[in-house]
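J.: When I checked Swiss-Prot for this same protein, it listed these features:
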{"type": "CROSSLNK", "residues": "74", "note": "SUMO2 cross-link"}
{"type": "MOD_RES", "residues": "74", "note": "N6-acetyllysine"}
{"type": "ACT_SITE", "residues": "141", "note": "active site"}
{"type": "BINDING", "residues": "176, 178, 264", "note": "Zn(2+) binding site"}
{"type": "MOD_RES", "residues": "220", "note": "N6-acetyllysine"}
{"type": "COMPBIAS", "residues": "401-416", "note": "compositional bias 'Basic and acidic residues'"}
{"type": "MOD_RES", "residues": "432", "note": "N6-methylated lysine"}
{"type": "CROSSLNK", "residues": "438", "note": "SUMO2 cross-link"}
{"type": "COMPBIAS", "residues": "443-482", "note": "compositional bias 'Basic and acidic residues'"}
{"type": "CROSSLNK", "residues": "444", "note": "SUMO cross-link"}
{"type": "CROSSLNK", "residues": "444", "note": "SUMO2 cross-link"}
{"type": "CROSSLNK", "residues": "456", "note": "SUMO2 cross-link"}
{"type": "CROSSLNK", "residues": "457", "note": "SUMO2 cross-link"}
{"type": "CROSSLNK", "residues": "473", "note": "SUMO2 cross-link"}
{"type": "CROSSLNK", "residues": "476", "note": "SUMO2 cross-link"}
{"type": "CROSSLNK", "residues": "476", "note": "SUMO cross-link"}
{"type": "CROSSLNK", "residues": "480", "note": "SUMO2 cross-link"}
């Protein structure tokens with residue numbers, strides 16, 4: 001598959017400022033606020049000038065049940081902190097309550113995360129962009145009828161299902177430290193989606209992703225798992241990622257790629273145990289981008305939130321082929337980035353337990369499996385189903401969904417200041433022990449509340465009505481003429 005260097009590609013970016021207001025609760029490592037921090041940082045780097053920014057629609061229950069079971073989505077719509085006692089049996093059944101708590105606005109949070117990923121897939125399908133970015137998406141642990149690892153609705157599966165309407169083969173790549181179990185499970189028996197996950201394996205959540213898990217039925221050999229040990233560094237990661245992904249591209253020949261960019265694989269993550277720098281992590285983005293395929297970039301885990309914001313800002317710049325300085329610009333959360341106030345981070349001195357021999361052995365085993373694939377399986381394409389977001393078809397009688405607007409918003413925090421710290425009594429700079437790791441359910445990214453100078457809207461009719469009263473949310477809007 002042909003690779004290109006330095007080809008500038010059109011990028012669109014999905015963000016809703018409300019996402020940063022949702023709050024999982026005291027001491028919970030998943031902080032949607034990190035999405036707002038990311039957004040604010042990339043705004044202050046000026047990256048908004050180089051891409052189209054959209055506010056996603058809120059995905060509805062009908063969209064979510066394209067994958068999830070009706071009763072599970074009905075439960076997510078109904079459950080609230082004030083009625084939990086009425087749902088105790090269902091909470092147990094759907095694995096909601098501990099790692100996946102009930103919090104105010106839970107379903108709306110899922111709607112925003114999912115809406116951005118599905119809208120991104122529609123944009124890619126219509127060839128209206130080359131790369132779509134939704135840092136609030138990437139919630140890869142959610143199952144068909146179960147929440148898991150801080151994830152409730154699997155926006156990735158729903159986005160891939162949307163891409164499959166136009167693409168014969170879709171490749172999913174996961175560089176989060178946790179195994180992408182929810183996505184693998186959804187497509188385990190199909191040859192139209194290949195899932196590739198590089199993750200920590202052994203005494204670690206979710207406990208899946210063995211080298212020998214390769215898919216089943218028609219999907220045999222279409223699941224690729226690279227189990228890793230603690231402390232992998234940039235050099236080792238690049239040495240496995242590039243050859244494995246080159247072979248996958250050669251054998252599978254996808255026509256679209258979804259890349260989950262979980263940043264808990266970075267050095268110093270509160271729940272992680274890898275030793276990647278932001279540059280090392282972003283090399284994966286750069287390499288996948290070089291294949292010049294329609295690409296969806298999603299968030300995922302990441303629990304040291306200052307580094308999450310650094311990482312996803314830098315990876316947005318990589319998508320835009322734009323170099324940004326290491327000196328951080330002043331931004332609303334500048335104090336979080338002390339004491340150095342730099343974009344890039346240094347690796348720690350932790351031991352890399354992944355020996356060259358171990359990595360080579362796993363790589364060769366994966367190559368053997370990939371050689372079992374038929375070259376680019378043919379797929380009988382059916383009539384293309386309706387797009388998930390019909391209003392994007394641009395009915396002339398409706399308001400222009402692409403009008404530019406300027407949004408000033410006062411972002412009020414829904415928690416005390418210390419809630420946004422990285423350590424929270426759970427060991428500043430200290431890694432959790434393995435028993436905690438098992439319990440430490442993966443954290444997936446949600447959105448933020450800051451709005452940007454130029455933001456495009458993609459909304460349903462219902463939401464257009466709501467938008468007529470922006471003051472209800474403390475948001476001032478004015479149309480900005482292009």
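Glycine residues also receive a Cβ, built from the backbone N, Cα and C atoms like all the rest.
Since the structure is predicted, the reported quantities are computational estimates derived from the model, not experimental observations.
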J.: Rounded to the nearest Å, what's the C-alpha distance separating residue 176 (Zn(2+) binding site) and the residue listed as 'active site'? Just drop the number here, would you?
T.: 11
J.: Which ones in the same chain are close to residue 220 (N6-acetyllysine), with CB under 8 Å and 6+ residues apart in sequence?
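T.: Within the chain, residue 220 (N6-acetyllysine) has Cβ neighbours under 8 Å at 214, 372.
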J.: Find, for the listed recorded positions 74, 141, 178, the residue with the lowest Cβ contact count at a 10 Å cut-off, counting only other Cβ atoms.
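T.: Output over recorded positions 74, 141, 178: least Cβ neighbours within 10 Å is 74.
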J.: Based on Cα distances to residue 74 (SUMO2 cross-link), point out the closest of the recorded positions 141, 178, 264.
T.: 141
J.: Let me know the DSSP-derived helix, strand or coil state of residue 178 (Zn(2+) binding site), please.
T.: coil
J.: Looking only at Cβ atoms, how many others are within 10 Å of the one on residue 176 (Zn(2+) binding site)?
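T.: Neighbour count, Cβ to Cβ under the 10 Å cut-off: 29.
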J.: Provide, as an integer number of angstrom, the distance between the C-alpha atoms of the residue listed as 'active site' and residue 264 (Zn(2+) binding site).
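T.: With the alpha carbons as reference points, the distance is 14 Å.
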J.: Determine, from DSSP, whether residue 220 (N6-acetyllysine) sits in helix, strand or coil.
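T.: In three-state terms, residue 220 (N6-acetyllysine) counts as coil.
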J.: Applying a 10 Å Cβ distance cut-off over all chains shown, what neighbour count does residue 264 (Zn(2+) binding site) have?
T.: 28
J.: Quick one: what's DSSP say for residue 74 (SUMO2 cross-link), helix, strand or coil?
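T.: Looking at the DSSP assignment, residue 74 (SUMO2 cross-link) belongs to a helix.
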J.: For residue 141 (active site), which of the three DSSP-derived states applies: helix, strand, or coil?
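T.: Reduced to three states, the DSSP call for residue 141 (active site) is coil.
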